[in-house]
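> After the structure tokens below, expect a handful of questions from me.
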Amino acid sequence: MKLLAVRRLLRIQRVVIRYRLDDLLFDLPLPWFLLALRYVLPWRWFPRKPLELSRGARLRLALQDLGPIFIKFGQILSTRRDLLPEDIADELMRLQDRVPPFDSQLSVKLIEEQLGKKISEVFSRFDVEPLASASVAQVHAAQLKTGEEVVVKVIRPGLKPIIAQDLAWLFILARAAEKVSADARLLHPVDVVSDYEKTIYDELDLLREAANASQLKRNFEGSPLLYVPQVYWDWCRPKVLVMERIYGIQVTDLATLADQRTDMKMLAERGVEIFFTQVFRDSFFHADMHPGNIFVSTVNPWSPQYIAIDCGIVGSLTPEDQDYLARNLFAFFKRDYRRVAQLHIDSGWVPAETKLNEFEAAIRTVCEPIFEKPLKDISFGQVLMRLFQTARRFNMEVQPQLVLLQKTLLNIEGLGRQLYPDLDLWNTAQPFLERWMRERVSPKALLGNVQSQFEQLPHLANMARDLLERMSQPHANDPPPPWKKRKDDWFLRLLGSAHLAGGTILAAGGPLHELGHWPAGIMVAVGLYLVVRR
């Protein structure tokens with residue numbers, strides 16, 4: 001083991017001892033040989049002064065002491081309310097990703113290396129004092145030679161070895177937890193760390209963030225709801241991002257918003273509309289919309305517009321996930337728990353062999369108390385969290401895209417009610433969802449669906465051959481994997497498209513037109529059924 005890794009291990013051990021995290025560990029239902037360690041560990045042989053801190057606060061402070069990589073891991077973990085006790089999740093939400101800035105001259109050197117030019121050749125002004133500094137990057141204000149006011153984001157130097165080292169220890173801890181604890185295995189700690197690994201490495205590529213920002217800007221071009229700063233692609237590199245500098249009011253600065261006479265009700269409702277527009281219209285949503293990344297334009301306080309920055313983390317849903325999510329929400333608010341359970345099974349979110357009656361009863365037990373509150377006080381985010389918590393007891397697979405969506409919804413919802421406490425999220429979202437559902441089954445949408453799937457017809461023969469080969473192989477009678485339901489649905493919709501195409505050809509005077517219109521009618525009817533069935 002390398003000296004650096006040993007030093008890091010000793011550092012982790014000191015933090016564990018300082019914040020009594022070993023006490024939290026031994027409170028868990030562990031195997032006897034691990035519980036016996038409480039009598040073996042040397043630091044437990046002597047009396048220790050008790051800490052007047054909750055378990056969540058101790059964990060939060062420990063992660064802060066361990067540095068930026070553990071801080072960001074804690075922030076991501078705080079969004080997994082389907083896995084964590086509420087008190088711990090609430091404490092982890094308070095983690096602040098603030099670290100001292102690195103040397104400004106080093107920042108200038110890194111920017112010049114990435115751009116291949118001197119700072120003075122690109123910028124007429126460059127502020128060496130950073131505007132902000134976080135664990136992954138820091139930001140400087142500047143002005144381009146062409147006159148535009150911009151911000152320059154630069155990745156911290158030497159991050160990859162630190163990230164690799166800390167991730168290695170996180171994986172070791174996660175694998176150990178899965179081996180020794182059945183309860184830990186249900187939480188899939190290795191999967192959680194794997195998701196974090198992907199997220200943290202994605203954040204190191206600023207070209208990815210630039211592309212996300214450009215896509216989001218294009219989606220809301222000309223919209224009164226949301227403004228996204230312009231990316232200056234000529235000066236963007238993997239470790240440097242140059243984009244328009246924005247001036248606005250921090251969304252949590254309620255006093256300044258009030259002084260501007262901002263319409264708080266409209267501002268809160270527009271936040272909800274932005275969220276549902278991103279999720280259902282665009283299937284591309286900003287997944288890191290905490291208050292530090294959201295501002296409000298000062299231009300029209302009576303018609304307030306949001307400004308979003310930091311698009312490093314985004315999420316997207318498949319059309320199937322969009323459809324099932326919308327239907328789940330409608331079924332939930334109708335208290336149709338059987339429908340909710342069936343939709344979870346149909347979507348492949350829980351195994352196909354799940355007992356519907358038991359799943360329905362579990363959902364009813366958890367969710368029915370929610371309706372004791374007035375409708376305006378019901379939390380969408382809490383609804384999703386409760387549904388996912390229940391589904392995990394029935395072996396629901398981790399759905400990273402739904403985790404991001406739940407996190408974003410909780411942020412938007414909490415923010416909306418902070419701005420306007422009487423925000424009725426359901427009444428605000430319901431018209432949008434109903435309109436989206438109607439558009440999904442409109443003739444135009446069906447035609448587009450048919451056209452897109454008609455393009456896949458050349459692959460139909462290959463799919464059929466592959467299907468026959470799989471059926472002929474051993475284990476063909478094993479229970480189908482979770483993804484099989486969706487594959488089968490896609491195959492049937494493709495078959496439906498073929499029927500629609502064939503029926504259209506017959507109706508237009510194909511080779512069998514002398515048989516009359518009834519064969520074409522049957523083919524079109526069967527095709528429509530297969531295409532729109534759920």
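Start at 1 and count along the chain as shown; that gives each residue its number.
Glycine is no exception: its Cβ is also placed from the backbone N, Cα and C atoms.
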> Since Swiss-Prot lists Leu131, Ala132, Ser133, Ala134, Ser135, Val136, Ala137, Gln138, Val139 for ATP, which candidate among Lys117, Lys153, Lys160 does it give for that site as well?
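ATP site check in Swiss-Prot: besides Leu131, Ala132, Ser133, Ala134, Ser135, Val136, Ala137, Gln138, Val139, the record includes Lys153 out of Lys117, Lys153, Lys160.
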> Please report the DSSP secondary structure of Leu131 (ATP binding site), reduced to three states.
coil
> What is the pLDDT of the domain 'Protein kinase' (125-492) when averaged and given as a whole number?
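Summing pLDDT over the domain 'Protein kinase' (125-492) and dividing by its length gives 83.
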> I'd like to know which of these binding-site residues, Leu131, Ala137, Val139, is least surrounded, judged by other CB atoms within 10 A.
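Comparing Cβ neighbour counts within 10 Å for the binding-site residues Leu131, Ala137, Val139 gives Leu131.
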> Taking the Cα atoms as reference points, how far is Ser133 (ATP binding site) from Asp288 (active site, proton acceptor) in Å?
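Ser133 (ATP binding site) and Asp288 (active site, proton acceptor) have their Cα atoms 17 Å apart.
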> Between Leu131 (ATP binding site) and Asp288 (active site, proton acceptor), how many Å separate their Cα atoms?
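Their Cα atoms are separated by 20 Å.
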> Given the binding-site residues Ser133, Ser135, which one's Cβ is surrounded by the fewest other Cβ atoms within 10 Å?
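So among Ser133, Ser135, the binding-site residues given, the one with the fewest Cβ atoms within 10 Å is Ser133.
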